[in-house]
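K.L.:
What Swiss-Prot records for this protein is below:
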- 1-17: domain 'Ubiquitin-like' (DOMAIN)
- 4: ubiquitin cross-link (CROSSLNK)
- 9: site 'Essential for function' (SITE)
- 13: site 'Interacts with activating enzyme' (SITE)
- 39: N6,N6,N6-trimethyllysine (MOD_RES)
């Protein structure tokens, strides 16, 4: 039964099964809505002003993470 369900899940994925909008938004929040440090490439929260890493001297040289096409 588990194998049957996993196969069904895989088939839906391969056919381009839709992701529920709320789950998609949640995934985007955790993976895409980030700021990136230009010196050390650390992933930071979207409202970050300075980097949290010591190795780049807590620089304020940040950019938004590029969006997936």
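Backbone N, Cα and C define each Cβ position, glycine as well.
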K.L.:
Counting across all protein chains present, how many other Cβ atoms fall within 10 Å of the Cβ of residue 39 (N6,N6,N6-trimethyllysine)?
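P.N.:
Taking every protein chain into account, the count is 15.
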K.L.:
Over the span of the domain 'Ubiquitin-like' (1-17), how high is the average pLDDT in this prediction?
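P.N.:
Per the prediction, mean pLDDT sits at 61 for the domain 'Ubiquitin-like' (1-17).
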K.L.:
For residue 39 (N6,N6,N6-trimethyllysine), which of the three DSSP-derived states applies: helix, strand, or coil?
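P.N.:
The residue in question, residue 39 (N6,N6,N6-trimethyllysine), is coil (DSSP, three-state).
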